[in-house]
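Single-structure report; data block below.
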């Protein structure tokens, strides 16, 4: 009987961000701090929104959900990448690789749809302010969040369906710090040209359609407020600037990686770091530094849990223990 298959690949080797041993400690420290900043920044937003009744509005409800998804996006691969900086051979099992593919498309797909929901929320708030609380009821907000997760699940299931049955029997080196779908499919033992086209079509449709909806929403808002007072125009511009910045930083790398046909591995690797790490750090900064309500709520939260009298007592106790 002839052997019909080569030995099946049971693990993949991740080449990581850099092959330089000298850079590994620096990269370990840098990305550990960045990941910690992502967790602290986004969990702070979630805590602030949930603890302050003044922020129990549709906009901040969606913002808190965005922060939660940002934590998920940062956590699907970053801890593994940080741990890999400490080892020479960076491997990941076949099942764990598929899990990374599943989660990255689930979370990023959900975030794209949620950003569209946030743009719709701003459209209703600015263009139809008298009907805002009726249109953006709590039930509608919950439905919008559930839709974002549902679309993300459908998107990632369809993407994973292209990969799970591919035969992997030869090369197993992935030139990235996580199992990126386009890179993994190219390692299959068969011609994956059609599969690659389906992957691009799936990701491209979700990315481009979401991005176009966002562009249309923001354009309508800007046209609507153009003839209003300078004060309302300034407030609308401030809000839109924050949203547009987040959208550009998130969608730009995703569209370039999955839609642009002339990208290279080195460029894709940098862009992957951008939308899985750097953008997620900027989101809390962008949304809080430009928002007086969030900053006021954070100050109130700090005064509640970090009272000067309590801090001084802790300091005195520490000094007393040190002098004993």
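For all residues, glycine too, the Cβ spot is worked out from N, Cα and C.
Checked against Swiss-Prot, the range among 81-100, 101-120, 161-180 recorded as transmembrane segment is 101-120. Membrane topology as recorded by Swiss-Prot puts residue 80 and residue 188 together on one face. The range from 270-289, 290-309 that Swiss-Prot describes as transmembrane segment is residues 270-289.
For the disulfide-bonded residues 97, 189, the greatest number of Cβ atoms within 10 Å around a candidate Cβ is found at 97. Taking pairs at least six residues apart, the transmembrane segment (101-120) and the transmembrane segment (26-49) share fewer than three Cβ pairs below 8 Å and do not count as touching. Helix, strand and coil residue tallies for the topological domain 'Extracellular' (80-100), in that order: 12 helix, 3 strand, 6 coil [DSSP]. Below 8 angstroms of C-beta separation, residues 17, 31, 34-35, 37-38, 41-42, 44-45, 63, 66-67, 70-71, 73-74, 76-78, 104, 108, 176-178, 180, 242, 245-246, 249-250, 252-254, 256-257, 263, 295, 298 of the same chain, each at least six residues beyond the ends of the transmembrane segment (270-289), sit close to that stretch. Applying DSSP to the topological domain 'Cytoplasmic' (50-57) sorts its residues as follows: 5 helix, 0 strand, 3 coil.
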